[in-house]
Amino acid sequence: MIQFKSPGNWLFIVPWIAFIPWYGMLIAMLICWASQGHPIYWFMHSEQFPVYISDIGATNLRPLFISCAGWQGLGYVITVALEFFQRSGYLPFQLKKKDPSISDSTSYAEKLHSGKYLMPPYYTKDERNLIFAAFVLGSIGELALLFSSIFSTALYHRVHIAMVSVFVVFMFLSTCCLIAEYFLMGRHYASVHPLASPHFNPQSSEKSFNQDYNTVDELPWYKWKGHVWNKFTISATLKVIWLTLAVVWAICFGAINDRSKSACFEWLLAFWFGIIFMILSADFYLGGRYRQSRYFNHVESFSGYYKYDKALGLYHSEDVLPSDDNAGVIATETASSNIYNNSSSNESIQVVV
């Protein structure tokens, strides 16, 4: 029997709050249309079964359509913003400020338990930028969906179609950014994972006998080493599967001339859209439990990774002895400040996360 483990935080509920009303709207629309006897509305030009979502949304259910489209859109944007927040400690567009409890702390173990990061921080600036891009692109896409519900197909058909197209394109790009973010995080985590292959050690100064590269960054982008199928990679793969099917069904929706079949694909896409929220919720749940992870606290070193180096205060080497807090040996490897500022000074540098 599968036992539900206590979450690290309750933010994983946010995606569910976002998409459940969306599902409720879709079901309510179908029920209303069926109870009315499957009518063909005055602005429609041919018989079809079923009708498009926007056709029902252009009737007396228009307020429901607008409110639920707006709620779902706001929920998606907040969800991506929370992804950024949990991995960085601040929201997109929010100015960073010094947190003494983090920057002045003396060990990596203490920082893990400090509450600064609710999910594992990103490893490079590329991942940070991808989350931010997903947030911006998703905001534009969801605004387009809201406008498509406001400009009904009955009264503003061309504007409605244009807004739907903008929504599809920008949500595709937003999802691509999330996929790239998770693949990058999975690629870096694979190399430091305790289950990584013993023939690949990115912290070692000696190359393995069957390995031509020392670090992940020296590997070609298409090569992976270590424990490849970690939680980040699995999540990215699920998102790829979701997006691939969504693209196929979106093409069918737009390309098929039979309006009845086209409408079927639109309804399928609308319900399929909720699945991405479920995947994001799983990301939040698993990521929020990283302090209790079977493997994360036993990673020997995150040395050289952007966010972790900053969280460590960067430039002192020390061994953190086993304790009740860290439940294992965590060696925090760092470098002297002159590596980063080309100065001869060995004085430590404090970096605000």
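A Cβ is built for glycine as well, from the same backbone N, Cα and C atoms used for every other residue.
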Residue pair Asn9, Ser262: same membrane side in Swiss-Prot: no
Residue from Ser103, Ser204, Ser208, Ser345 to which Swiss-Prot assigns phosphoserine: Ser208
Within-chain partners of the topological domain 'Extracellular' (254-263) [C-beta distance under 8 Å, separation at least 6 from its ends]: 46, 48-52
